[in-house]
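Listed features, source TrEMBL:
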type     : residues : note
DOMAIN   : 38-443   : domain 'Amino acid transporter transmembrane'
REGION   : 489-514  : region 'Disordered'
TRANSMEM : 73-95    : transmembrane segment
TRANSMEM : 132-154  : transmembrane segment
TRANSMEM : 166-183  : transmembrane segment
TRANSMEM : 188-206  : transmembrane segment
TRANSMEM : 226-249  : transmembrane segment
TRANSMEM : 261-284  : transmembrane segment
TRANSMEM : 321-343  : transmembrane segment
TRANSMEM : 363-380  : transmembrane segment
TRANSMEM : 386-407  : transmembrane segment
TRANSMEM : 428-451  : transmembrane segment
């Protein structure tokens with residue numbers, strides 16, 4: 001018991017708190033702590049909630065058009081629960097690893113623990129290499145997706161520039177993320193990011209309900225297995241954003257309190273994703289199959305432009321016509337910061353105390369992200385592909401298998417820092433759930449999901465091509481033809497010109513099925 005108490009004290013302690021204890025508090029230090037030096041349970045909750053949904057919020061109506069209303073709701077609830085469970089497993093493995101290392105007097109004062117190091121310490125170098133490969137590749141494409149989302153969103157405010165040009169601009173702007181040292185320094189951005197996402201979600205919900213259903217709306221889904229499993233893996237990706245769980249935990253003052261945080265964050269996120277996806281799909285139906293970004297179907301208005309700007313603040317740099325202000329965006333930074341850590345460790349710069357030197361060393365990480373976003377600008381389909389091929393292993397399969405193997409012996413289970421709770425059935429129950437997660441995600445997420453997502457992704461390449469200038473953009477409007485006779489009166493003509501929430505009829509000649 002005495003040993004356990006000592007270990008608990010070490011785990012609960014914060015190096016920063018221990019170093020600053022007893023020092024006089026100046027106005028500068030108080031302001032810095034308020035805006036910059038986060039590490040509380042609330043900071044972790046804001047980080048998990050704001051990072052979890054991000055731009056995927058705009059693609060969930062597209063997924064509903066592929067899945068149908070009922071399946072869309074069920075998959076959101078199911079994968080939300082599954083994602084929270086595997087985040088719990090990761091937190092248990094992190095605490096186990098850190099406790100063992102700190103018993104050996106290892107000091108993490110200037111070192112950020114990452115998921116591949118947890119796997120290395122608990123299961124050996126082969127697991128480290130597998131975890132590193134999957135995690136880095138996922139985070140790389142996660143950052144790529146954020147750039148694609150930024151370009152797609154800003155296009156709906158200013159279409160004078162095509163999406164590829166906006167990607168060039170945002171790629172340069174997002175390089176400013178190199179100046180944020182660690183996840184502990186995302187306090188104010190995490191809070192603002194969640195506020196922005198909340199506004200956008202409720203804008204989509206209310207605007208769609210006020211708009212009403214388009215004339216002749218159809219809700220055909222699901223119609224094809226390819227579309228069905230593509231939509232399902234996009235939702236798997238939505239609730240699989242905890243590839244940065246270990247880094248968020250390490251930034252906490254008391255990381256053992258993380259266990260319930262991800263579940264609470266997921267419950268809040270469901271209050272955003274379900275209403276917005278349901279209402280947009282209800283209003284536009286099958287039209288969403290050709291518009292993976294929900295903003296594309298809602299008419300331009302000050303409220304919609306505000307939602308677009310807030311999502312941009314959440315993702316990258318605030319840009320409107322020109323770059324007005326350079327602001328760090330939470331989602332790109334969250335996806336990219338772990339890659340910065342890996343790169344720093346590879347070149348021996350991780351424990352350097354000079355912020356400028358570390359920032360300069362991080363810049364090469366941004367270049368391949370920028371380049372890949374220009375090659376594959378397929379907003380929506382790329383989410384499903386990354387979800388099936390990378391998230392399925394990084395977030396679901398590897399944590400479940402790692403937990404099984406770490407505690408496979410009776411000695412390991414007996415000496416575990418944290419015992420499984422009774423409501424999960426103790427060790428027998430948690431092993432059964434782990435096996436279910438591995439089998440389900442491997443067959444449905446990676447197997448069927450990978451098959452469907454790759455077919456859809458290849459179809460995007462065949463339809464639009466690599467380096468496409470403006471993915472799913474309407475062609476430039478030509479001169480209007482002179483009518484031979486006056487057009488007949490249209491029932492919706494008055495509403496079209498007098499309601500800011502009524503969408504113009506779609507130009508079907510430029511739409512492509514995914």
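Cβ atoms here come from the backbone N, Cα and C positions, even for glycine.
Automatic prediction, not curation, is the source of TrEMBL annotations.
The transmembrane segment (226-249) shares the most Cβ pairs under 8 Å with 73-95, out of the stretches 73-95, 166-183, 363-380, 428-451. Proximity of the transmembrane segment (132-154) to the transmembrane segment (166-183) is established through 3 or more Cβ-Cβ distances under 8 Å for residue pairs spaced 6 or more apart. Outside the transmembrane segment (363-380) by six or more residues, the chain places 59, 62, 140-141, 143-144, 147-149, 151-152, 163-164, 167-168, 171-172, 174-175, 177-178, 234, 292-293, 336, 339-340, 343, 457, 460, 464, 466-468, 471-472, 514 with a CB less than 8 A from a CB of the stretch. Residues 82-83, 86, 89-90, 92-93, 96, 119, 122-123, 127, 130-131, 134-135, 137-138, 141-142, 145, 233-234, 236-238, 240-243, 413, 416, 427, 430-431, 434-435, 437-438, 441-442, 445-446, 449-450, 452-454 of the same chain lie 6+ residues outside the transmembrane segment (386-407) yet bring a C-beta within less than 8 angstroms of a C-beta in it. Long-range Cβ contacts of the transmembrane segment (261-284) within its own chain (Cβ-Cβ under 8 Å, at least 6 residues beyond either end) map to 41, 44-45, 48-49, 52-53, 57, 60-61, 63-65, 69, 72-73, 76-77, 80-81, 83-84, 87-88, 91, 197-198, 201-202, 204-206, 208-209, 211-214, 217, 219, 238-239, 242, 245, 291, 294, 297, 503.
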